[in-house]
Amino acid sequence: MERVVVGLSGGVDSSVAAALLHRQGYAVEGLTLWLMKGKGQCCSEGMVDAAGICEQMGVPYHVVDSRDRFQEAIVDYVVQGYEAGITPLPCSQCNRAVKFGPMLDYAKTELKADAIATGHYARLRQNPETGRTELLRAVDRNKDQTYFLYDLPQSVLQSVKFPLGELTKPETRQIAAELGLRTAEKPESQDLCLAEVHGSMRAFLDRYIESREGEIVDQSGRVLGKHTGIHHYTIGQRKGLGIAHSEPLYVIAIDPIQNRVVVGDRHSAAQSECTVSRVNWVSIAQPDAPIQAAVQVRYRSAPVPCTVIPLAGDRARILFADPQFSITPGQAAVWYDGDRLLGGGLIDRVERTTEPV
């Protein structure tokens, strides 16, 4: 019997993932990664519910202390990024460095498991011609989480299961109710756990970063106002600037050296291309020539046509078919062919358009 270790957050999605695998005859064991430091943090309630789900199913339950790894790989990473004037994407980093890789190692080494599973909304498909495990969007496009999974290596994808990939969220809740799972009515959690635990992302950052007032300037360097700390701002931001102006202004650059926030009009916020680093090719091997794809530059943004040009050193250049707004260093650019996730990387440089938009 195949043994599968299911990552349990204590929410309805991971609970149903475990229950479905258990019902399909897998030897299921539950596992929760203890991530947050300090008493009464988010994991405590989740661990209670996760343990309860495993008790309901009559399967073993394990807790792995990952607090130091989470602090170094996620908390420190996010804080250092905002201090440097970028907007980091902790979720994809967490999936690779804290969750999937370490959980798979623990499951295979300590629990002698064959695979791991999670409650993410994504699908997998084996390609017999290439030997690769392809990552596909979930059936429920509104819940699709492949954007956050682009950085998973083939070694992980070949040993993971996503039981919810063919389900919609309402179907997941219906299954939870039918099975009498204690998490069936549990409210949806925020995508970003740091914001959920601290009340907001701003509150989290203020805990770690000293706010230093500085200037808000236009592209010529003319001072338009004051800011409360560069970590309170992100590229493309329009609200909360506190500037009276004849036309809407957007954050177009953050200068940590001069402690300045640079703003401009909508045209100034448009980018014609960007470069990405730490590229991970997922469903295909790195191509030898440019490819046409649809790129997504934020979790909730719509994919747009682009040309992806592979570069040396795990980098790529992305040319947008039409100028795009709010392309933000530190966020991920993830490119698809239909539902198939081809690859992705972290945006590190943008080129502004000179054409009217």
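Placed from the backbone N, Cα and C atoms, the Cβ positions cover glycine too.
Take the ATP site that Swiss-Prot assigns to Gly7, Leu8, Ser9, Gly10, Gly11, Val12, Asp13, Ser14, Leu33: the candidate from Gly101, Gly119, Gly131, Gly165 listed for it is Gly119. Reduced to three states, the DSSP call for Cys193 (disulfide bond) is helix. Long-range Cβ proximity for Asp13 (ATP binding site), meaning a same-chain Cβ under 8 A and a gap of 6 or more residues, is found for Gly119, His120, Tyr121, Leu164, Thr172.
Cα separation, Gly11 (ATP binding site) to Cys193 (disulfide bond), rounded: 13 Å. Once the Cα atoms of Gly7, Leu8, Ser9, Gly10, Gly11, Val12, Asp13, Ser14, Leu33, Gly119, the listed binders of ATP, are compared pairwise, the greatest separation found is 16 Å. Taking Cα separation as the measure, Cys193 (disulfide bond) is nearest to Ser9 of the binding-site residues Gly7, Ser9, Leu33. Cys94 (active site, nucleophile) falls within a helix when secondary structure is assigned with DSSP.
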